[in-house]
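Following: one structure in structure tokens, then a few remarks.
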Amino acid sequence: MSVTPTRLTPPSTSYWSIIKLSAPIWVSNLAIVGGSTIDTLMAGHLGPTDLAGVAIGIAVSISIFVGLVGIMQGLSPIAAHHLGAGKHEKIGPELHQTLWIAVFLSIIGVLVMTYTPLWMTLTNAQGETAKIASLYLIINAIGLPGAMAGRAYLALNAAVSRPKIAMWISLLMLALKAPFNALFMYGWGPIPALGGAGCAVSSALTSWITLLLFWGIWHFDSFYVRMRSETFSLPNWKIMAAQLKLGIPIGLSAFFEVTSFTFMTIFISRLGEVTVSGHQIVANLTSLFYMLPLSIGVTASVLVSQSLGAGSAESARRATFNCLKFGICCAVVVSLILYFFKYFFVELYTDNASVIAISALLIPFAAFYHIFDATNCIGSFAMRGYRITFAPMVLYGVLLWGIGLGLGSLLTFTDTLTAAPLGARGYWSAITIGLTISGIVVGFLAVMVANNTVKGKKVWLK
């Protein structure tokens, strides 16, 4: 990507500016993931069977959703670059094409999500657990198109440095999640009690409400007047191709990362309800804590893109370095909190002693790799600002699937490399190795790209 000098002012890349931009993104993402946490907490109180069914439903639906949404993420660096370059009028048409992409991807997602026999076979789910998981997936698919389109607006708001809109909407939906869950899980009047599957009804409802709110703000808030176009654009294959060139590797990266944990859940479920429940609690905790480096990563992508749009490679480098340093410091603190207060967190989910024991056994792995996962996340997002998405995708695929799932399967189910099968610890050991290597390599590449761009050297990763 060439950096043409302009007279435009690049964004501030100070630590305070990073905090101001990333904090609302963090709250927004935390609220979104908090919905899954509420599902897990409330299902856990219904019993291990409901928790296991919801755990499978969440794991499958999130992996499909995140992989598809990732493909749409080409919008964020492109829109941020247009903003930095002062080309506001190009932002609206870009959004329209992302919404078209969301429509096409939603069709695929609904078909895959509702093919429940495949997922029940993979997870070896049977009886009531399979029934709950299948119903969860079918209902959740109804909300998928709304969730996909809503994420386009969320990405746009972050790109134009207006993340508080998404934050307030996400908090409102989080406030509605628990009462909606209770309504459909336990029933009321003519509404039947759906048990754990009731969580999916509230998720579908809040997805469509979120989209409606984003649409209204985009159309009626004067802030966006320079960005909006008079008519909704028809599919423009050239614009979509440019977005997909960035978005497909991003989507595959997200797919590799999320499905590494999804397949962990699927395979660990064969070890029994207690083991998969303990694993799911730790997986949910790590998802919650991951929201902080994710928000800093989004901030890095936005600031790098806006800086390059304004013609300042030096500002882009400062954004990369400052976001990495800030994110790693935060990750160290979070890891220490997770490790030393592990029983406090686990007991929020369940009072089952066997499940607590499994979760406490797995948390040290999560606490260790979180630091490298944060580096990995922020570094890869910073490179998105430089329009580099292919290299992180390859790393994710090799390290998370090859080591995380490949080595993990050997350690979990066989004694090929150990005296005896390690059970759930096998997958968590392998994923820790994969994320550690990935974090080191991606962090190094992000620094190298930032330095080479300032020096005017060709970035071979492109």
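Our numbering is plain: 1 for the first residue shown, then up by one each step along the chain.
The backbone N, Cα and C atoms fix where each Cβ goes, glycine too.
Outside the transmembrane segment (51-78) by six or more residues, the chain places 36, 39-40, 43-44, 94-95, 98, 101-102, 105-106, 108-109, 112-113, 119, 123, 125, 128-133, 136-137, 140-141, 144, 147-148, 151-152, 155-156, 158-159, 196-197, 199-200, 242-248, 250-255, 258-259, 261-262, 265-266, 269, 273, 276-277, 280, 283, 298, 301-302, 304-305, 350, 384-385, 387 with a CB less than 8 A from a CB of the stretch. The transmembrane segment annotation in TrEMBL covers 51-78 (among others).
Here TrEMBL flags 99-120 (among others) as transmembrane segment.
Annotation source TrEMBL lists transmembrane segment at 132-154 (among others). For the transmembrane segment (132-154), same-chain residues at least 6 beyond its ends with a Cβ under 8 Å from one of its own Cβ atoms are 28, 49-50, 52-54, 56-58, 60-61, 64-65, 68-69, 72, 75, 95, 98-99, 102-103, 105-106, 109-110, 113-114, 116, 119-120, 123, 125, 166, 194-197, 199-201, 203-208, 210-211, 214-215, 217-218.
Residues annotated as transmembrane segment in TrEMBL: 166-188 (among others).
Among the features that TrEMBL reports, transmembrane segment is placed at 194-218 (among others).
Positions annotated as transmembrane segment by TrEMBL: 246-268 (among others).
Among the features that TrEMBL reports, transmembrane segment is placed at 288-311 (among others).
Proximity of distant same-chain residues to the transmembrane segment (323-341), defined by a Cβ-Cβ separation under 8 Å and at least 6 residues beyond the stretch ends, is recorded for 15, 18-19, 285, 289, 292-293, 296-297, 299-300, 303, 363-364, 366-368, 370-371, 373-375, 377-379, 382, 443, 446-447. For 323-341 (among others), the entry in TrEMBL reads transmembrane segment.
If you look up TrEMBL, you'll see 353-372 (among others) marked as transmembrane segment.
The transmembrane segment feature in TrEMBL is assigned to 393-414 (among others).
Through the fold, the transmembrane segment (426-450) approaches residues 260-261, 264, 267-268, 282, 316-317, 320-321, 324, 362, 365-366, 368-369, 371-376, 378-380, 382-383, 386, 388, 391-392, 395-396, 399-400, 402-413, 418, 459, 461 of its own chain, all at least 6 residues removed from its boundaries and within a Cβ separation under 8 Å. For 426-450 (among others), the entry in TrEMBL reads transmembrane segment.
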